[in-house]
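Working notes, beginning with the structure itself.
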Amino acid sequence: MKLIYSNLITRYVFIFLFFSLSFINAQTNDLRRAEEYLSQKGEVTFSFQINDRTELDQFSSQMSILNFNPATNTVYAWTNAEQFRRFQSRGINITVNPEDNEFQGIVMSNELPPSNRRGSYPLTFPLTAYPTYADYALQMQEFAINHPDICELVDIGGTTEGVAGGNKRLLFIKLSDNIGTEEAEPKVMYTSSMHGDEITGYPLMLDLIDYFITAYKDTGHSDHLRIKNLIDNSEVWINPMANPDGTYYNNASNTSVANARRANANGIDLNRNYPDNVAGPHYDGNSYQLETQHFMTLADNNHFVLSANFHGGTEVVNYPFDNTYTNHADTDWFILASKEYAVNCQDNSPNGYMDAMYTNYPWPGVTEGADWYQVFGGRQDFMNYYHQCKEVTIELSNTKLIPANQLTNHWNYNREALIEYLIQGTYGFQGVVKDAVSGDPLEATITLIGHDALNSHTVSSLPYGDFYRPVYAGTYNILIEADCYQSVTLTNQTIANYQTLTLADVLLNPIASTAPNNLAASNVAATTADISWDLVTGATYEYRYRQVGSPTWTTVTTSNNSINLTSLTQTTQYEIQVRSICDSNTSPYSSSTIFTTTTPPPCSGTLISSYPYSESFESGLGAWTQDTGDNFNWTRNSDGTSSNNTGPSSASDGSWYMYTEANSRSGQTAIFNSPCFNLNDKSSASFTYDYSMYGSQMGSLTLQISINDGTSWSNLWTLSGNQNDQWYTNSIDLSGYVNQYVRLRFIGTIGSINGQSRSDIAIDNIGLTAVDASITPIADCKNITITLDVSGNASITASDIDNGGSAGNLSIDISSFDCSNIGTNTVILTATDPTDSGNTDSCNATVTVNQQAAPTPTNCWDNYVYNSTLCIWENQGSQPVEPTASNCW
């Protein structure tokens with residue numbers, strides 16, 4: 001077959017040009033669409049390709065990422081006009097989908113026949129049309145007017161347009177059984193459509209308010225008992241529309257959502273406009289918008305236990321964090337609640353609803369924020385981190401603004417999920433924190449010890465001091481703290497999922513009544529000691545110390561609960577006391593803690609007592625020092641030395657070594673001193689090091705030892721002359737020096753230099769090993785008396801019952817005590833041979849535990865009774881009722 005190559009080439013060129021022109025034309029159409037949407041709404045939604053998800057970070061600060069498909073590396077993004085111009089300068093091809101920027105099937109409430117209205121309500125439920133703003137505002141008023149016993153309309157402020165002269169407000173309906181009274185009950189919240197074009201949740205929130213009212217009021221309603229229990233035992237806040245300026249954008253009459261846009265009136269994405277604990281304030285480069293400020297103020301004034309904000313564009317429950325890949329401490333709880341929401345939707349809808357599956361999804365329809373894509377400045381993280389509110393983001397529909405004929409379906413899909421998620425806010429630990437003396441409620445911090453992190457704790461709120469802590473099933477130790485009060489820990493509190501556990505009232509003692517607990521001395525040396533005591537939140541401290549028997553105290557004020565005492569006298573017994581100061585109230589001093597300073601070793605420099613010891617100079621000189629009585633210093637180096645044909649080319653261990661630079665130093669010496677090595681109670685010891693002595697004019701290297709802190713030195717090893725270009729290892733037996741303190745030093749002596757210096761000496765990879773000597777363990781006991789602290793606990797260490805004659809490693813079988821141990825207790829002190837764990841001695845000490853003293857009554861009706869279960873004093877007294885006067889005189 002004869003091939004005509006010129007014709008084939010022509011065809012290929014034609015095909016290439018055809019597809020190239022088609023691509024260029026498509027890109028031109030996308031840019032044209034983008035300009036049209038920017039002209040109409042001041043924003044545009046589009047998609048583009050990246051190489052992999054690691055590139056997302058470079059775009060997140062320049063636009064709002066809406067979604068990311070890791071299978072195709074497609075980014076779906078939103079920009080306002082200014083952001084789009086900056087993005088265009090990158091020259092990246094985009095796709096603009098009309099379905100992301102235009103909306104179909106819109107029906108407004110004013111387009112429905114008047115006969116559809118029910119009574120005085122402007123809207124008919126469940127909604128089959130989007131409300132005009134006027135109908136929305138009127139409906140919110142009518143809820144409150146018609147049901148004042150359980151409904152209150154709360155206006156948290158005007159929108160950007162509203163403040164500028166428009167009529168739009170940010171409105172909540174608050175639902176509770178005693179609507180005009182603040183009660184000790186959890187506050188839970190829903191807020192929808194902070195993105196003005198993602199408004200599936202807008203009518204759903206109105207449907208939910210109507211459902212709550214109807215089911216609560218109608219005792220025959222099939223859901224009456226569940227809804228009554230929720231409304232009677234919580235305070236429910238619902239905001240159907242968080243960005244009306246965006247929803248009714250460019251519509252003067254506020255009667256159409258056809259031109260709805262994501263941003264507020266200033267073109268700002270409100271879900272990138274909050275303070276961020278990772279990226280900091282104003283991550284988006286904008287001031288906090290009015291809408292943002294109003295919601296921030298609402299959170300300042302109300303502690304919401306649980307919340308959700310509603311969006312559209314996919315179908316998924318997104319739990320924190322959005323701004324970090326670090327898991328939230330309550331991730332298990334968030335997965336439980338999020339999965340419950342998704343499953344309720346899946347059970348009440350056709351297949352394919354609320355089942356998006358993003359990176360690392362724990363269940364279809366559930367995702368962790370940053371695993372999907374990172375967001376900074378979002379509402380969800382703001383509420384979780386700064387306000388201890390368990391907020392999630394719920395995406396209700398793949399289409400941001402669904403056709404009106406789908407509204408009823410989506411209400412049916414989500415109704416059960418919406419109710420059950422709010423009920424989650426009533427589960428978990430609940431309680432009240434009070435002043436143990438006055439009985440007044442307190443603002444406190446409640447922390448699950450070993451569990452909480454990144455502000456996942458909760459707080460108690462005034463006027464009742466009540467707190468609520470939804471948490472995944474488990475057993476927890478709960479720490480309750482308040483400024484100027486002694487903290488209390490509730491141990492081994494066990495809870496199940498879907499359980500409400502009301503704890504006994506937590507009574508905190510003001511610090512003025514009791515001294516700080518657990519005053520202790522540690523790291524006691526010859527002239528210094530570390531002192532610490534339990535933190536009293538919000539307090540400062542005054543401590544005083546003296547030599548035992550001295551009439552004079554040294555008194556110091558500090559804001560820290562740990563200090564370092566210096567300038568002490570060696571081999572001397574000291575006592576120290578501490579008291580706390582808070583709100584001008586001062587506690588009594590604690591009982592004294594006694595400690596004795598040590599006798600310093602007859603050896604200067606850093607003391608090394610733990611073995612094996614090693615030093616390769618990777619982070620500096622370590623504990624080694626340059627001598628001041630020689631001619632020059634040793635040099636730390638990581639490559640070859642500065643002279644040719646001498647010294648090593650690299651370290652023998654790691655990257656760094658020490659050497660003597662021989663340049664123009666004929667016959668001079670450099671001395672390098674070791675720390676002080678404690679070889680007491682050792683049966684043998686060995687010192688090793690690597691050395692290099694390469695060079696034709698090589699001098700000598702000497703190792704010396706001193707047993708009198710450098711007063712005199714003895715040679716252990718010396719070597720002279722060129723040893724070729726390599727590292728050598730040497731080992732010195734120090735067994736003849738055990739049971740004393742020693743110091744070592746290297747002396748490098750430069751050879752006779754003639755011409756170019758070739759006498760660089762190097763050392764590296766220093767080590768000292770020592771074998772413990774076997775001892776006869778001795779346990780020498782003494783009896784002690786201790787008093788429980790204010791929380792009903794006390795602890796001791798082995799040294800507390802050591803009478804001073806013990807030898808070996810000491811341990812005790814009981815170290816913690818509570819009120820169940822009041823009286824005498826036998827504690828076993830065990831001394832163990834460090835070289836043979838089976839060689840032990842033991843003795844019994846009697847530890848007498850005294851109950852803590854009762855608080856001093858401050859009122860004549862105070863009646864403190866000891867609770868032997870909680871191990872605390874409880875004030876069971878109450879103020880008598882004042883008699884009613886029967887005569888005017």
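Cβ atoms are placed via backbone N, Cα and C, with glycine included.
These features come from TrEMBL:
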- Glu395: active site, proton donor/acceptor (ACT_SITE)
- 129-425: domain 'Peptidase M14' (DOMAIN)
- 515-602: domain 'Fibronectin type-III' (DOMAIN)
- 613-783: domain 'MAM' (DOMAIN)
- 632-651: region 'Disordered' (REGION)
To what whole number does the mean pLDDT across the domain 'Peptidase M14' (129-425) round?
97
Counting each residue once, how many in the domain 'Fibronectin type-III' (515-602) are helix, strand and coil under DSSP?
0 helix, 40 strand, 48 coil
List the residues of the same chain that sit at least 6 positions away from the residue listed as 'active site, proton donor/acceptor' in sequence and have their Cβ under 8 Å from its Cβ, in sequence order, or write 'none'.
Phe310, His311, Gly312, Gly313, Thr314, Glu315, Val316, Val317, Asn318, Ala356
Report the DSSP secondary-structure composition of the region 'Disordered' (632-651) as helix, strand and coil residue counts.
0 helix, 3 strand, 17 coil
